[in-house]
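Scroll down for the structure; my scribbles are underneath it.
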Amino acid sequence: MEVNKISEKINSSPSCILLFSGKRKSGKDYITDIILERIKRENAVMLKISAPIKSYWAETHDLQFDDLMGAGEYKEKYRQDMIKWSEGVRRQNYGYFCEAAVKMFKAHEKPIWIVSDIRRKTDLKWFKENYGSAVKTIRVVADEGIRKQRGWIFTEGVDDAETECDLDDVLEWDWKIINNSNESELEKQIQDILSAIENIMHL
Ligand SMILES: Nc1ncnc2c1ncn2[C@@H]1O[C@H](COP(=O)(O)OP(=O)(O)OP(=O)(O)O)[C@@H](O)[C@H]1O
């Protein structure tokens, strides 16, 4: 028990927080899964800001949390309502769901955090305000044609909504990953990020 307490304390300030954003089907999940796999399990945790929103929605509407988190059609039925509700909460406290995700995934137990679904400038702001230089930002980019091949279809009310577009005019990212299905190019970009993490961890 005591040992757990100590390690929690040591890791209570994360060394590195990777914030990923990108358009639908750019490959955020694909890439963050690879990065998580390559980092030692005991060092990293994956956070999804959408998880506390979907968890609340599942509980209060008698729905399946896993299906809401999945890539299938199930979540689409509830998307607009979840967005509307979460926007109301965010208006009162823009960091509410970021903080809820940190708690939900017990992120403070690990030194490296990977957040796969940053959508708003206020998400960036909250992490930077709270964790400063530990925060690194990554934009995943893929050509529209490639995203279409991966199943993306432009949907009014979704692809033109703030949730998908708020970060389009942010130009400064620590890394931009081009994910057009060129495996060796992607591998090199992932290696750059892993090397940077390694350097940070050895400081
Ligand atoms: N480099 C790649 N090589 C092969 N398949 C890929 C690659 N990148 C993404 N994919 C595939 O494309 C599909 C979409 O990728 P992914 O789910 O990671 O996108 P996303 O940005 O998380 O999408 P969304 O925002 O809609 O959740 C998935 O089936 C994924 O396996």
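In case you wondered, yes, glycine gets a Cβ from its N, Cα and C as well.
Quantities reported herein were computed from a predicted structural model and do not represent experimental measurements.
The ATP binding site annotation in TrEMBL covers LYS23, ARG24, LYS25, SER26, GLY27, LYS28, ASP29, ARG150, GLN189. Take the CB of GLN189 (ATP binding site) and look out to 10 A: across all protein chains shown you find 19 other CB atoms.
In three-state terms derived from DSSP, ASN179 (substrate binding site) belongs to neither a helical nor a strand segment and is classed as coil. The feature substrate binding site is assigned by TrEMBL to ASN179.
When the Cα of ASN179 (substrate binding site) is compared against those of the binding-site residues LYS23, LYS25, GLY27, GLN189, the shortest separation belongs to GLY27. Contact annotation for binding-site residues (LYS23, ASN179, GLN189) versus ligand 1: ASN179, each with CB under 6 Å from a ligand atom.
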